[in-house]
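Swiss-Prot annotations:
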type	residues	note
BINDING	Glu176, Arg220, Ser364, Arg368	L-aspartate binding site
BINDING	Arg220, Ala221, Glu222, Arg228, His229, Leu230, Glu361, Gly409, Ala410, Asp411, Arg412	ATP binding site
BINDING	Glu361, Ser364	Mg(2+) 2 binding site
BINDING	Glu361	Mg(2+) 3 binding site
REGION	198-201	region 'Aspartate'
SITE	Pro91	site 'Important for tRNA non-discrimination'
Amino acid sequence: MVNKMKWRRTHYSADIKPEMDGQEVIIMGWVHSIRALGKIIFVILRDREGTVQIVAPKQKVGDELFSQIKKLGAEDVIAVKGKVIANEKAPNGFEILPLELEVINTAKRPLPLDPAEKVPAELDTRLENRFLDLRRPKVQAIFKIRSEMLKSVRNTLYNEGFIEVNTPKLVASCTEGGTELFPISYFEREAFLGQSPQLYKQMLMATGLDRVFEIAPIFRAEEHNTRRHLNEATSIDIEMAFADDKDAMDILEKVVYNAFVDVYENRKKEIETLGIEFELPPEKFDRITYDEAIDIANAKGVEISWGEDLSREAEKAIGEEMEGLYFITDWPSEIRPFYTMPDEKNPNICKAFDLMYKDLEISSGAQRIHLYDLLVENIKKKGLNPDGFTYYLEAFKYGMPPHAGWGLGADRFTMVLTQQENIRECVLFPRDRQRLTP
């Protein structure tokens, strides 16, 4: 073991090609597996980009290096200076003949989890040992795809004229009038972890910034314990001025479609590692109204009365009919937040929408109320006190333009892109009702 590395990596495993035959390289990573067959040792080294085979015949590497390699164990951290040897029979068409070995650190054994995946493990065990679980190629593939998605989202929004912002996560009161908040001690006062950047996004529409977005954590003290809910999540939020609900849906379509394309074009290796069938959606998603959605549910035997939110059973029934990505629009005003703009012709419905993937809601948005008096009236209708929203309401007194926006769940969107059934698979260190560590 060493305190200071004497080398620096020259190549990741994926950078090495058979055409580099005879070239000297330095590779670094973990011992994925080791196998000794008499006077020859095979070591599979794993790094972020894949694996590479190191072949050490005793007669070529010498007694000292051979003995050093033989002492290696699973998950030891090593650096190897070696020569590329083209070999059609080897994985990837080449192998590495080691010239020198540096054992950077050793792994305690037995391992609580097998990164080589020879021994399966339950999700709870994997999450308890997430640092080891994340060494598994399939798990890394999920987060490389997630990274690609976030990069794509940012690129699309920048190209559409949006500015990235950061809003407070320590707040004095609730965002949307609910009670699902985590209280914290804030010096001599009580504060809360923010459940949404919603009110701040809207306030920014009064500044002239016009189009803003934020990718940040949100916190909700909901007692759900399902495969699709977490108490800390990452939300992709946008707000756009001089826009309505249709404009917001158009931007959401672009963001989601472009993310699919970028993942498909740039993460083929990860898609293959996950073993999934990855299909691009159409550029335009189907749009059905809330009325049409409950008609589908009722026709399938799931009773939903007008004005009720969609139950889990209703979402499943609608998802079976619609498949893929689709919008549900024109929701009852009663079940949407106070800041949602009602329809001019029928105030019982509002300009809100959800983006669904089969039976999974991945985004929710709306045109917002920009008129001060109507907003105060709506706050009261929801049984809330306008005095609790003073700082927010001030922004609507001095020239607030029409605006719309949405929030897209990054974790759920990753579920869709990687075809995972459990949201915990798509978050590095998930926080749910039971899990606060690691």
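Cβ coordinates are placed from backbone N, Cα and C, and glycine is handled just like the others.
Taking Cα separation as the measure, Arg412 (ATP binding site) is nearest to Ser364 of the recorded positions Pro91, Arg220, Ser364, Arg368. Note: the Cα of Glu222 (ATP binding site) and the Cα of Pro91 (site 'Important for tRNA non-discrimination') are spaced 48 Å from each other. Compared over the binding-site residues Arg220, His229, Arg368, Arg412, the count of CB atoms lying within 10 A of a residue's CB peaks at Arg368. If you draw a 10 Å sphere around the CB of Ser364 (L-aspartate binding site), it holds 17 other CB atoms from the protein chains shown.
It is 42 Å from the Cα atom of Glu361 (ATP binding site) to that of Pro91 (site 'Important for tRNA non-discrimination').
Summarising the environment of Ala410 (ATP binding site), the number of other Cβ atoms within 10 Å of its Cβ, over all protein chains shown, is 22. Note on the region 'Aspartate' (198-201): mean pLDDT across this stretch is 97. Cβ neighbours of Pro91 (site 'Important for tRNA non-discrimination') (same chain, under 8 Å, six or more residues apart in sequence): Thr51, Val52, Gln53.
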